[in-house]
Amino acid sequence: MSVVTVQLGQCGNQVGYEFFDILCSDLHSKPGHSTKRENDYYQTVCKEQFFHEEECGDLVTRAVLVDMEPKVVSKTLSMAGRSGKWKYDISSQFSQKQGCGNNWANGYCVHGPKHQDIVMDLVRKQVEKCDRLGGFFTIMSMAGGTGSGMGTFLTRCLRDAYPDSLLLNQVIWPYGTGEVIVQNYNSILTLSHLYRSSDALLVHENDIIHKVCSQLMNIKQISFRDVNKVIAHQLGSIFQPVYTSEEALHYCRNPLGELMECLVPHPEYKMLGLRNIPQMSEHSLAYSTFNWNGLLKHLRQMLIANAKMEEGINWHVRPPSQPTAEKTSLRKELQFNTSVANLAILRGKDVQTASLEGFRDPPLYTPWLSPDDAFTLWKTPRAFNKYEKSATLVSNSQFLLKPLDNIVGKAWNMFASKAYVHQYTKFGIDEEEFLETFTTLEQIIASYTNL
């Protein structure tokens, strides 16, 4: 089944480019420990999901590019064309010469409705090229104007136009010390509205990705492109073909459907986070060897202690020996991270020898789901990107409670003093809308806190 990707704003277009580029690099890499037949099928499934193939063999993305300023879209199109491996459909893009000025309300209330018909027509054309539509994957920032405001509006339009299709929003969480003074307003408005329209939100935190670049990749002068490459690698590690059960004879052809079924058992819990191991520079990788037991031991502790990268894991955090009674006090003392559901994706050599029983411990999960329902394993012997062995954990858990509480608190303090509220009311977002937003997010915080 095919996925139509919608790249929204500067951030969405730059991350989208790196995402498609890494998919194509992976397609052309050595099959590693896969048979030729297996590798051929892997390539077929990847192409079917994210590209359509022209008669000449060129791969063209199933994507729509949207930005209110033309510069980034133009650069993205030309970079893809120069890659020689893939390209965008140049007729599947929309840009204007006037941005949203980092104002969510301007994007949501003005530019979104104004350009809705044109953008949705581009989406429709991509949908019509799919033999079977698996759903939509949007890539956007939470804190800006076009990506967040217009992106949120277009997400609502997608939900209205395709009510039976799955909709996954990948959102970039802003730096804690961002340059945009109203980023907290933009972020809470984005989150609360997406929660109504989207089936799930896959969240990447800029601060964490920046640390990965610095501490794990050993990059000295970190650029936005470095950050985007890490995000793209993590996304690729989810979406490239895998076997979704021990008995599976073929690679999964419905990634969004399988993902939602595994991770979103209840519409109150839609926040997904991602942990990837290993992540390191090519220089370090040349001198490193890995075994599955070591990788999975680290990944499990990252989950339990809510460590978002393998550096600096708190090994003192343990699951409670008693169910729910101890969980609250343990969380307060040691930041134990309770999960709704987890999906582990293993790729590479000797993958059949990996044991994941530790991820099925009942204390890791909320009591209203059995571990067999809450934990899912996907795998493939084909290595991904440059790693002989790699593991990804997609988690619906309490991982975002602290950053969410922080961003809501900062936004509330600004709102209580009416700071910058006039910039939103003049475009049509009134104070009542803000209050509804705070109520929605407080409910999400309460739901995850009480797991």
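Each residue's number is its place along the chain shown, starting with 1.
Including glycine, each Cβ sits where the backbone N, Cα and C put it.
What Swiss-Prot lists as GTP binding site is A143, G144, G145, T146, G147, S148, G149. DSSP assigns A143 (GTP binding site) to coil in the three-state reduction, outside any helix or strand.
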* To do: Check the binding-site residues T146, S148 for other C-beta atoms within 10 angstroms of each C-beta and report the one with the most.
  => S148
* Cβ-based isolation winner (fewest other Cβ atoms within 10 Å) among the binding-site residues G144, G145, G147, G149 -> G145
* Could you say whether, by DSSP, G149 (GTP binding site) belongs to a helix, a strand or a coil region? => helix
* Structure fact -> For A143 (GTP binding site), the same-chain residues 6+ apart in sequence with C-beta under 8 angstroms from its C-beta are N102, I172, P174, G178, V180, Q183, N186, S187, T190
